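First up is the structure itself, then whatever we jot down about it.
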Amino acid sequence: MDGDIAAALPPVNQQSKADGTAVAAAAAAAACHGDFEPSVWGDFFVTYTSPPSLSQEPEEQMRERANFLKGEVRKKFEAAAAMSAINSAMLVDAVVHLGIDHCFREEIATALRSVHKEEGEFGSCDDLHTVAVRFLVLRQHGLWVSADVFDKFRDDTGSLSKSLLCSNPRGLLSLYNAAHMVTPEEKVLDDAIAFARSHLEAMIGELRSPMVEQVSRSLDIPLPRFSRRLESMHYIAEYGQEEGHDAQILELARLEFELVRSLHLRELREICRWWRELYNDVKLPYARDRIVEIYFWACGVIHEEEMSRARMIFAKTFAFTSLIDDTCDVHATLEEVQKFNEAMQSWEEDAVSIVPEYLRTLYSRTIKGFQEFEDMLEPNEKYSMSYVKKAYKLLLQYYLKEATWANENHTPSFKEHVQVSIISSGLPMLVPVLLMGTGLATREAFEWADSAPDMVLASGEVGRFLNDMASYKLGKNKKDVANAHECYMKEYGATGEEAFAFIANMTENAWRKINQACMEMDPAMLPAFKVAVVDLSRSMEIIYLGGKRDAYTFGSNLKDLVTSLFLKPCA
């Protein structure tokens, strides 16, 4: 099967096979000329048909079996609750990890209330893995639990005990991941992260599958910051190798994964056709041709079957924004950016007359596209479009601000750069887009997001700083405004590596602010913002890999992940 897929795939750009130095050099050269790598995929997904062996059995039979298994898993929640809170915590962790938690929202909420309440049962537990899993699942669902639960694993000096922990890779990995639910000023978890990381790095060469793969992934991107969809893809292949795994839960996870992937492939075909028509219509050859990567990104944020509308709105909004961003960054003059922005602020079709001629089709298609999004909404949801338009207009204003800086060759202060660039990252704009598309948010939630709360701004910081770290490593477009590293270096006389370390630390702090906000938020609003902020921020980690790559600009960096997610059989 893998050989058949490989034969069908478009050839990999040779740059993706080069060593790191060559990749960086090619990236810098391409960026300096505004000459982006062509699409890795072309029209592959427009004509792609799943081979019969990938479909396995008729979809109707798969759904019938999945529905039966859901009933069986609900019984397991009841049985776990009757046994102990520890059993409930382990079951929740498995279901979440395998990506089927959306099937059991009520059961998980009930289980977590018990897990949160039964502190005594966990207080007497001396298994690091169990204690860490409880800490992780509670904090991920907005329930506060003190880091004091790890005190029992410290020695008389207050340090984590090497004798207790260093021969326990599973416990160390769970501690490492759980500790990344840290909030600002929780210094007690900093040493847990450092301790676990150093010992995991030391022992990784001795670990066996699947532990070695799990440790490797988490050392790159900790589990609470990793894409839920990608993690479930990996864990489905690994869970069956774990002692005590549940065969019915694993079967359900495989069925759900394949059913959802079938929908994703249909959506991907549709959006690739939409994009090809749009790209050919607007005639902006300097812009990145990245619709497959955009849709992959959308699935990393919202993969659930019932979220098809949200995925398509997100992906199409992203596509319009990418065309505009590339226009402002690599092609348009300042006057052209000003005219385009002026028209967008009016949001009127007849304002197209003031737009530069070569951008008029882009302007008209963007206005028409957002009207189509509004037409997809229910009557009681249409108010949400006003929040989306407001955020989009703000984004365009900040694009203009950056274009002005670039035109004047102005290097802003680091603080000023951050204030502008977290908005121009596009993430704060995508928050109301996701709230609108998912239908999970109330008017109060839109109002809160519109007030620019720390949680939303922190998401923008994650996206901007990861992007800027990648730009520092790979090179940036010659027309781009100075990035965060350059602003910091100029203002503080720092070296590039010092600036990189400082900005990496700011990215870490942004994640901590997001964690804190999740635990302070009104529980009724949390589900909407876990998607619109947490999962959106997670997707940035995948694209930029901690600032080590820019897999959107250089789509060949994502080819293996796209292939695994959409084309390879579920293990």
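Positions of Cβ are set from backbone N, Cα and C atoms, glycine also.
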Correct range for motif 'DDXXD motif' (source Swiss-Prot, candidates 15-19, 325-329, 345-349, 415-419): 325-329
Among Asp325, Asp329, the one of these binding-site residues whose Cβ has the fewest neighbouring Cβ atoms within 10 Å: Asp325
For the motif 'DDXXD motif' (325-329), the number of residues DSSP places in helix, strand and coil: 5 helix, 0 strand, 0 coil
Distance in Å spanning the most remote Cα pair of Asp325, Asp329, Arg464, Asn467, given for substrate: 15
Among Asp325, Asp329, Arg464, which are recorded as binding-site residues, the nearest neighbour of Ser471 (Mg(2+) 3 binding site) by Cα: Arg464
Cβ-Cβ neighbours of Asn467 (substrate binding site) (radius 10 Å): 24
Other CB atoms within 10 A, centred on Arg464 (substrate binding site): 27
